[in-house]
Amino acid sequence: MGKMKDKDVDAEKYEKAQRSPKLCGTNYPVSIAFIVVNEFCERFSYYGMKAVLTLYFMNYLHWDKNLSTAIYHAFSGLCYFTPLLGALIADSWLGKFKTIIYLSIVYVIGHVVKSVGAIPDVGDSTVHIALSMVGLGLIALGTGGIKPCVAAFGGDQFDEDNIDERRKFFSIFYMSINAGSVLSTIITPILRGDVQCFGGDCYALAFGVPAALMVIALVVFISGSGLYKKSPPEGNVLVRVCKCIGFAISNRWTNSKKSPKRSHWLDWAEEKYSKRLIQEIKMVCRVLVLYIPLPMFWALFDQQGSRWTLQATRMNMDFGGGFIIKPDQMQMLNALLILVFIPIFDMGIYPLVGLCRIKLTPLKKMATGMILAALAFCAATAVEVYVIKTVVEPPPAKESLVQVYNLMDSDVTVQFPAHNVFSEPLKPYEEPSGYSSLPLTGESQLQNVVVSHNGMNYQCRLTFTERMAYSLLLHPTAQHNGSVCNLVKDHITKSETGAAYIRFINTHTENINVTVGTEEVHASANYGISRNISVPRGEYNKAVCVTDTKEYEINLGLLDFGAFYTVILSEAGNNLAVKKMEDIQANNIHIGWQIPQYVFLTAGEVMFSITGLEFSYSQAPASMKSVLQAGWLMTVAFGNVIVLIVAEGAGMEQWVEFLLFAALLVAVSIIFSIMAYFYTYVDPDQLDKLFKEDGDGGKVESSKKDELSLGDMPKQTKM
């Protein structure tokens, strides 16, 4: 009686849902508007936070590029492992609606914790790291947990006779994802770089706005609560699949010697599970085997937000007319291009290839997508080869780098013991030709450097440390009767935001305070040298210099992306003479050269990712599609694990690493093509013709019970 009552209640709720209002006189239920807005805000929240994450690790937490890349991909991988947990909770316990709400709350808490961790005044660096990691963990649980629920929940809102509307809904849903991605990757880098807070880039705001968007997403979703169809949990098919496989393995292990041999190892589950379920799992396993090479594609694809962003920081970002793009904004190209490429491929390229009588099967498209992604990394390699020409690499063990500034009134000669580093005389106030390598006998070495000037030799005892860069300043004594050696440690690592570095040498007899933009530095009198300051790229025509008695206005000109400048300030009558020298070359490779690699990678994504999902769904029974979705998400997760391992373990130059990934993907695409050649397409819908459902839950009819196998399924061509 109780069960009958429950059924009546469920039926009543269902009828009520059926009568829910439609959107603007269409067959679309009003409820999907809340779901689409929720998805837009959630994707804005996720991609906005992720866009600035690598630079946050490097500039705020002060991690090196390899650790930053590793943690970035560890987080990305975790975001694709947690959907399994979300699907399990939704299907077995809470249902999709409650799962989305509860995990969205976890998501919001993660964003808030992450934003608080980006406030400099909250604790020390250990607290910032702890809050950041806790926040990212909660975000990964939230975004991954709701990932398998939201789209499926949206599909549940449609009646069975509104198939076209449901299909169009998924297109709208996908558009909302890309719209959120594009806008967030434009806006959050602006919040990071153009808004200053706590004396630097405003990461707290860049993370806080995505947090606010996630709060809006949650509020919008809850607001539509009374309009949704809410299906109760039906049990997780992935759990049943795992139990069936586990039973087959254990039963085979226990009884293989006692019982007759069976045609397939899964047939050992027949004692407990239906023939139909076993047959469906066999079909799924055939597809999952093809998934084995796929993580390598995602290993390349997900480096847009890590290695490619770091490459962009070392490039010229000026498009002219005052339009300067930020390195973390380049990721928006992927979302923009995919919106352009999908119709181009569907309505242009694929039909044209068909006219050439070339049959593009899904597996051929996926293999082609892999090759395109490999070409993207070949393009990235070519760009990197030119980019590194503007970079001064830190010296290896038992080596230092040194450059010399001759601030004397005539030529000088510098001699290092046993090393002919500077063979030619150095002219006064001449710009150094660059850093020279100085071999050392150990981790550090005291060297007697001989400086020759006007026929006199002066000996300087200087200590050099391995892996460090130095500037040796040679200037006259206060009485101008000799030479003084001043060895200064140099900062040679380029800014990860593309900013310029500048320092000042004061040859004036008075102390000087210099203001460049919002930065102020002090240079002591008589050849004092200021600290390095970082300033945004731009024209600085009115820098202010204040001495003990006067105030001067100097023209520093353009301080370009990634350059290191040394400016010598000298007294010249009633003015200050300015000599600007470029210690490290500006970023002269334009960021536009990254566009080809984004084009190749996005084209590869269209052919690989979209086609891969289409292929997977076409080759599995309806009841097993969630299992394949879980398997697909796992390939993304393992792809990020590959990058994590390479970033932390390989220790190779960046262009070599790019080339390695390209070569690995080419090799994997060949393996995948061979596997695809031997794969035979089947029609899962034919299962309904081979099986007759009865009260037992899918037993095969007796005439086919013994001989049914995948061989009975209708086949199509290979590859």
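Don't overthink the numbers, they just go from 1 along the chain as shown.
Backbone N, Cα and C atoms are what each Cβ position is placed from, and that goes for glycine too.
Feature annotations, courtesy of Swiss-Prot:
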type: TOPO_DOM; residues: 1-43; note: topological domain 'Cytoplasmic'
type: TRANSMEM; residues: 44-61; note: transmembrane segment
type: TOPO_DOM; residues: 62-69; note: topological domain 'Extracellular'
type: CARBOHYD; residues: ASN66; note: N-linked glycosylation site
type: TRANSMEM; residues: 70-90; note: transmembrane segment
type: TOPO_DOM; residues: 91-99; note: topological domain 'Cytoplasmic'
type: TRANSMEM; residues: 100-120; note: transmembrane segment
type: TOPO_DOM; residues: 121-125; note: topological domain 'Extracellular'
type: TRANSMEM; residues: 126-146; note: transmembrane segment
type: TRANSMEM; residues: 170-190; note: transmembrane segment
type: TOPO_DOM; residues: 191-201; note: topological domain 'Extracellular'
type: TRANSMEM; residues: 202-222; note: transmembrane segment
type: TOPO_DOM; residues: 223-280; note: topological domain 'Cytoplasmic'
type: TRANSMEM; residues: 281-301; note: transmembrane segment
type: TOPO_DOM; residues: 302-334; note: topological domain 'Extracellular'
type: TRANSMEM; residues: 335-355; note: transmembrane segment
type: TOPO_DOM; residues: 356-367; note: topological domain 'Cytoplasmic'
type: TRANSMEM; residues: 368-388; note: transmembrane segment
type: TOPO_DOM; residues: 389-594; note: topological domain 'Extracellular'
type: REGION; residues: 389-594; note: region 'Extracellular domain (ECD)'
type: CARBOHYD; residues: ASN481; note: N-linked glycosylation site
type: CARBOHYD; residues: ASN513; note: N-linked glycosylation site
type: CARBOHYD; residues: ASN532; note: N-linked glycosylation site
type: TRANSMEM; residues: 595-615; note: transmembrane segment
type: TOPO_DOM; residues: 616-626; note: topological domain 'Cytoplasmic'
type: TRANSMEM; residues: 627-647; note: transmembrane segment
type: TOPO_DOM; residues: 648-657; note: topological domain 'Extracellular'
type: TRANSMEM; residues: 658-678; note: transmembrane segment
type: TOPO_DOM; residues: 679-719; note: topological domain 'Cytoplasmic'
type: REGION; residues: 695-719; note: region 'Disordered'
type: COMPBIAS; residues: 695-708; note: compositional bias 'Basic and acidic residues'
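Contact between the transmembrane segment (44-61) and the transmembrane segment (126-146) is present: at least three CB pairs lie under 8 Å, with pairs separated by 6 or more positions in sequence. Contact between the transmembrane segment (281-301) and the transmembrane segment (100-120) is not supported: fewer than 3 Cβ pairs lie under 8 Å, counting only residues 6 or more apart in sequence. Proximity of the transmembrane segment (627-647) to the transmembrane segment (70-90) is established through 3 or more Cβ-Cβ distances under 8 Å for residue pairs spaced 6 or more apart. Taking CA atoms as the reference points, ASN513 (N-linked glycosylation site) and ASN532 (N-linked glycosylation site) are 13 Å apart. Residues of the topological domain 'Cytoplasmic' (356-367) grouped by DSSP class, helix first, strand second and coil last, total 6 helix, 0 strand, 6 coil. Listed in sequence order, HIS491, TYR501, ILE502, ARG503, PHE564 are the same-chain residues at least 6 apart in sequence whose CB falls under 8 Å from the CB of ASN532 (N-linked glycosylation site).
Counting only same-chain residues at least 6 apart in sequence, those with a Cβ under 8 Å from the Cβ of ASN66 (N-linked glycosylation site) are ALA647, GLU648, GLY651. Here the topological domain 'Extracellular' (62-69) has a mean pLDDT of 89 out of 100. The DSSP breakdown of the topological domain 'Cytoplasmic' (91-99), given as helix, strand and coil counts, is 9 helix, 0 strand, 0 coil. DSSP gives ASN532 (N-linked glycosylation site) a coil state; it is part of no helix or strand.
Across 126-146, 170-190, 595-615, the stretch most heavily in contact with the transmembrane segment (335-355), judged by Cβ pairs under 8 Å, is 595-615. The local packing around ASN513 (N-linked glycosylation site), expressed as other Cβ atoms within 10 Å of its Cβ over all shown chains, amounts to 17. According to DSSP, the secondary structure content of the topological domain 'Extracellular' (191-201) in residues is 3 helix, 4 strand, 4 coil.
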